[in-house]
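Engineer: One structure, pasted below without further comment.
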Amino acid sequence: MAVPPVEMYSGSFWNRMRKPLPLRTQVIRFTVVFVIVSFILVVALQITHERMPDPKVTKPLPDLGFELLTKVPGMYVLADCCIGFLNILSVFTAFKLYLLHRHCVGSGEPELPCNIPGVSRFFLSVWLCKENCRIELRNIHTIAWIRFITSYALLLLSRSIIMVVTSLPNPDDLCQNPPKIENRVKDILLTVLTAGAGSIHCGDLMYSGHTVILTLHLMFHWIYGAMVHWSFRPVVTVVAIFGYYCIVASRFHYTDDVLVAIYLTIATFIAVGHNADGAPWQLQLFIRWWPCCGANSREVAEDGVPVAIVIKNEEMMNFEGKS
């Protein structure tokens, strides 16, 4: 049996493990991790689809939300519209955060080849933050993306496990006569490429994936959207709550699916946190050993300014001490 080297138990080893990877490397590698997790999720969706109890035998479970809210078939489409709107708003917010980063490092506003009055001003101007300005603006867009994508990957991975463990009867009308998956490979690719919109899977309950992304956008704008414009918080809050209503009213998920997803998403987003070093060092351990997709050391500052490293040997230090 191989004996671990002594240095693994030393402080220097763990100090190296805690040393943060470059932010650009984290962006690339965690995005790749998210794609891999997406494929794992689709495989889990196929398993739950096959294991779902027969709707003709097992009826949906009693649900207080179903009793309080009138059933409105097809409302899940509006939930998809809410997600689409928040996707666009989050991309816009991330771009504005990038402009704040440029302003922080002293770069000027970007310019379009042709100036369009009003449009250029709206998209390319720097909206100086008036809330949460205690957060360092340097690399704010990169850190926000790392926090978003790592939280999302963690939630999807846990969802892949949880929904396979216990199969629940599906309350959704579309799943009362569930379609059969003919080509599994095609279904996997179609589901990943369309973010689930191009296929129908049943039994993927506990917890709601729609609620996860709605809540992630809510948390993203609650922290970072307020730095761009004060109105983003109330607007996104209203849209997210309406999306929750659409999910329950359409019987797309049980109320518990929505409540558990809200809690787990908020807790995960807070646990990942905002840090100038990017993701927590424990998460960086999963991507630190990669031989590709970015550098493993911060030899150059994130804004592209070279870092000067001064090394003094012992003889030089002794000479300076004597002089």
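Every residue, even glycine, has its Cβ placed from backbone N, Cα and C.
Sharing the features that Swiss-Prot gives for it:
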TOPO_DOM  1-26  topological domain 'Cytoplasmic'
TRANSMEM  27-47  transmembrane segment
TOPO_DOM  48-74  topological domain 'Extracellular'
TRANSMEM  75-95  transmembrane segment
TOPO_DOM  96-147  topological domain 'Cytoplasmic'
TRANSMEM  148-168  transmembrane segment
TOPO_DOM  169-187  topological domain 'Extracellular'
TRANSMEM  188-208  transmembrane segment
TOPO_DOM  209-233  topological domain 'Cytoplasmic'
TRANSMEM  234-254  transmembrane segment
TRANSMEM  258-278  transmembrane segment
TOPO_DOM  279-323  topological domain 'Cytoplasmic'
Engineer: Report, as numbers and ranges, which residues of the same chain sit near the transmembrane segment (27-47): CB under 8 Å and 6 or more residues beyond its ends.
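Structural biologist: Same-chain residues near the transmembrane segment (27-47) but 6 or more away: 21, 142, 145-146, 149-150, 152-153, 156-157, 159-161, 163-164, 181, 184, 187-188, 191-192, 201, 204, 279, 283, 286-287, 290, 293-294.
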Engineer: Mind tallying the topological domain 'Extracellular' (48-74) by DSSP state, helix then strand then coil?
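Structural biologist: For that range the per-state counts are 9 helix, 0 strand, 18 coil.
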Engineer: Quickly jot the same-chain residues contacting the topological domain 'Cytoplasmic' (209-233) by Cβ under 8 Å, restricted to those at least six beyond its ends, or write none.
Structural biologist: 76, 79-80, 82-83, 86-87, 89-90, 93, 96-97, 100, 127, 129-133, 135, 140, 144, 148, 151-152, 155-156, 159, 196, 239-240, 243-244, 247, 252-253, 257-258, 261-262, 264-266, 269-270, 274
Engineer: Please give the sequence-distant neighbours of the topological domain 'Extracellular' (48-74): residues at least 6 beyond its ends with Cβ less than 8 Å from one of its Cβ atoms.
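Structural biologist: Residues 163-164, 167-171, 173, 175-178, 181, 201-205, 245, 248-251, 254-256, 258 contact the topological domain 'Extracellular' (48-74) from elsewhere in the chain.
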Engineer: Please give the average pLDDT for the topological domain 'Cytoplasmic' (279-323) in this predicted model.
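Structural biologist: So the average pLDDT across the topological domain 'Cytoplasmic' (279-323) works out to 64.
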Engineer: For the topological domain 'Extracellular' (169-187), give me same-chain residues lying six or more residues beyond its boundaries with a C-beta closer than 8 angstroms to one of its C-beta atoms, as numbers and ranges.
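Structural biologist: Same-chain contacts beyond the flanks: 42, 46, 49-50, 52-53, 55, 58-61, 63, 66, 73, 76, 199-200, 202-203, 205, 250-254.
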